[in-house]
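Going by Swiss-Prot, these are the annotated features:
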- Glu89: active site, proton acceptor (ACT_SITE)
- Cys346: active site, S-methylcysteine intermediate (ACT_SITE)
- Cys122, Cys126, Cys129: [4Fe-4S] cluster binding site (BINDING)
- Gly172, Glu173, Ser204, Ser227, Leu228, His229, Asn303: S-adenosyl-L-methionine binding site (BINDING)
- Cys115-Cys346: disulfide bond (DISULFID)
- 108-341: domain 'Radical SAM core' (DOMAIN)
Amino acid sequence: MKELVNILDFLPEELGEKIKPMFRVKQIYQWIYQKYANNFSDMSSLPKDLRLELARNFHFSPVKCVKNEQSKDGSIKYLFELIDGLRVESVLLPMKEEKIDAEGKRISHARYTICVSSQVGCKSGCSFCLTAKGGLKRNLSAGEIVGQILWIKKQNNIPYERRVNIVYMGMGEPLDNLKNVSKAVKILAQNEGLAISPRRQTISTSGLAKQIKELGQMNLGVLLAISLHAVNDELRTELMPINKAYNIAAIMDAVREFPIDQRKRVMFEYLLIDGINDKLEHAKELVKLLNGIKAKVNLILFNPHEGSLYKRPSLENAIKFQDLLSNKGVTCTIRESKGLDISAACGQLKERAKEQ
C-alpha cells in the first residue's frame, strides 16, 4: 500500500511542482487552512479527478488529539499522537483583551496564544525542565508543527483571520530543529493559509549561538526569546548543560547580530528558582549583562513538577527582582503561569505515556 505524504509539509511553491495549475494550489491551501476542510472530498471547488488524486497521494492529519485538559484559568493542554505513535503536548492560552471603540465603549474579546512543540522530547538537559527527563526521540516535521496549530484553531472554532500568537516554547529546542521550524514559520505566514505573520511568531532557544546566527541570516522576521535563567557561566552550566557548548558571552554576541524590528525587543526568559538565582545581586548582574541590548526580561516563577528538588520563590521576592531591573531601565514583566493546575505551564510538558 502506498504511503501517503503529509500535505501540511509543503509550501505553495513546492506543492505547485506536483499540482498544476498554480491557482489550484491556492484553492487547496484555502480549503485546508481557511475553510478547515476535514478531507479532500470536502473541497467542492476542485475538479473530482483532482480530489481523487489528492486522496491517493496525501493526507493532512499528521497529529491526532488523544486527550485534552482545561485549566481553571481557561488554558487547554492537548496531548497529540503522531503517526508513529510518539506523543507531544501543546497549549492554547486564551486571554481577554479590552479595547475602546470609536464611540468610546469598552469592548472585550479573546486573544489567543498557541504554544507548540518542535521535538518529541529534548536533548538540552535543563535541570528544571520535565521535557528533558526523557531525552530526545526525534524532530517534528514542519507539517507536524503546523498540524498542532491547525487542529487547535479548528477545534476551538477560531476563524483563520483571527490573529493568534505562536510561541515555539513547547517540547524541544526549536533551533535544534531549525530547518523544519523555519519552514513551519513560512507555511503559517502564507496569505492563502493561516496568514500568521512572522512578527506574531516567537522562537525560544536555550542559547544555541550558532543557530541563532543562522536564524538571523534567514531574515524571517520572527521574534527571538532566549532562555537565560542565570547571569554567570558556572550557575548556568549547572542549570543548563548546553552552556558548556555555548556560554553566555557567545549567546550575547549572537543576540547582538540578530536582526529585529525597531519596535521590538529580544525577550530574555529568566526562571526564578528559590535560593538559586533569585537574589538581588543576580538582578544587578543581569542589568550589566543586558547593557546595550534592546531587551525585555520575562520573569517566570519556577513551576514545580514531580521529581524536582527546586522550589518556587515567593511573589514578593519576584517583585523585588522586577523592581530592581525596572528602576535600572530594563523592561521587565512577571509572567502569569497559566495552566499550572494541569501541568501545562513552563517546564511541565512531556511525552505522556500511552496508557494515559
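Heads up, the Cβ atoms here are built off N, Cα and C, so glycines get one too.
Distances between the Cα of Leu228 (S-adenosyl-L-methionine binding site) and those of the recorded positions Glu89, Cys115, Cys126, Cys129 are shortest for Cys126. For Glu173 (S-adenosyl-L-methionine binding site), the count of additional Cβ atoms within 10 Å of its Cβ stands at 28 [all protein chains shown]. Fewest other C-beta atoms within 10 Å: among the recorded positions Cys115, Cys126, Cys129, Leu228, that description fits Cys126.
Taking Cα separation as the measure, Glu173 (S-adenosyl-L-methionine binding site) is nearest to Cys122 of the recorded positions Glu89, Cys115, Cys122, Cys126. Secondary structure at Ser227 (S-adenosyl-L-methionine binding site), taken from DSSP and collapsed to helix, strand or coil, is strand. As a whole number, the greatest separation of Cα atoms within the S-adenosyl-L-methionine-binding residue list Gly172, Glu173, Ser204, Ser227, Leu228, His229, Asn303 is 19 Å. Sequence-distant contacts of His229 (S-adenosyl-L-methionine binding site), defined as residues of its own chain at least six apart whose C-beta falls under 8 angstroms from its C-beta, comprise Cys126, Phe128, Arg236, Leu239, Met240, Glu269, Tyr270, Leu271, Asn277. Among the recorded positions listed here, namely Glu89, Cys115, Cys122, Cys129, Cys122 has its C-alpha nearest to that of Gly172 (S-adenosyl-L-methionine binding site).
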